[in-house]
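> Input: one structure, supplied below.
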Amino acid sequence: DKSKSVHASTLILLASKLSVSDSFLANKSGSFVHSSFLMKLIVFLVVLPWVAVFARNFSQDFDLTWGSDRVRILNNGELLTLSLDKDSGSAFQSKNEYIFGKISVQLKLVPGYSAGTVTSYYVSTTDAFSAFPAKILTHDMSLFWLQLASQGSTWDEIDFEFLGNLSGDPYTVHTNVITEGKGDREQQFRLWFDPTADFHTYSILWNPHVIIFYVDGTPIREFKNLDSTKVPFPESRAMRIHSSIWNADDWATKGGLIKTDWSKAPFTASFRNISAQACIWASGSGAYPCSSNSWLAKQLDAPSLERLMWVQKHYMIYNYCIDLKRFPQGLPLECAATT
């Protein structure tokens with residue numbers, strides 16, 4: 001049937017993109033056994049009905065998870081705004097769960113004084129927001145992160161966070177990759193434009209080989225699947241798309257020295273043209289086979305690597321992979337091969 005055809009065609013595509021060394025391991029007797037990486041792919045492809053969809057309508061494709069009275073959906077579902085005031089922030093998440101995909105959104109950040117605020121856009125295995133009243137989330141986000149940490153090996157997440165600042169000072173783009181409950185993989189950037197003046201596109205590419213963060217189509221960060229080094233990679237659990245705006249003035253701006261000025265509230269960020277070219281768990285309207293998508297095997301080519309290195313040379317302001325003071329016992333294993 002159709003679902004079996006999707007399974008088979010997707011498996012063939014992924015298997016064909018794997019090198020021999022990734023796909024099979026020779027044992028002492030000379031026979032071959034499947035690597036753990038390929039075996040995990042086979043399990044998920046055979047068991048689950050995968051399709052790929054585009055999700056563009058905020059009214060139809062997303063749920064409001066907290067602070068719903070501070071969310072506005074406009075233009076027949078094509079534009080959404082999230083607001084933060086002293087009493088609450090706000091958030092939404094996708095109805096669908098995805099396993100691999102290219103997720104993009106056009107975002108215009110809070111203009112003017114935004115110190116202490118964080119606007120986030122990420123994919124995650126968790127629905128932990130639903131466990132807390134909005135007021136608690138606004139005033140004590142440490143409870144939310146404690147809930148996430150308690151999920152341990154079931155928590156995977158790929159983060160864009162935009163840290164507000166004083167009027168006229170640049171935003172900080174804070175990125176992180178959390179796998180099996182372990183994070184501490186922060187890289188931070190400035191942007192080469194004013195992200196409050198107009199909409200710009202922020203994308204996450206996540207496939208079996210790599211995670212790539214993009215800004216307006218320019219790669220800024222790469223996190224590779226280093227299966228041979230035992231560095232965990234998110235490849236076995238589906239994730240939802242999330243976005244939120246919340247108060248983080250204990251750390252977000254100059255290490256917490258600059259606080260949120262509530263007299264300037266509400267703080268509002270705007271979203272449009274959100275899309276998910278991705279594999280999901282169940283079929284839906286407008287579906288097409290995952291195997292028709294080049295992003296499943298995409299990696300950075302030479303020109304893209306050059307652009308990434310240019311961004312990191314000129315606009316990266318923090319990289320955990322060179323922070324020897326933070327990791328006196330040695331840098332994380334992935335730092336030897338991650339950009």
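Heads up, the Cβ atoms here are built off N, Cα and C, so glycines get one too.
I grabbed these lines from TrEMBL:
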type	residues	note
ACT_SITE	GLU157	active site, nucleophile
DOMAIN	26-271	domain 'GH16'
CARBOHYD	ASN165	N-linked glycosylation site
TRANSMEM	37-55	transmembrane segment
> Where ASN165 (N-linked glycosylation site) and the residue listed as 'active site, nucleophile' are concerned, what is their Cα separation in Å, rounded?
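It is 25 Å, counting Cα to Cα.
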> Take the domain 'GH16' (26-271) and average the pLDDT across it for me.
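A mean pLDDT of 82 is what the model gives the domain 'GH16' (26-271).
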> Have a look around the residue listed as 'N-linked glycosylation site' and count the other CB atoms within 10 A of its CB, chains all included.
20
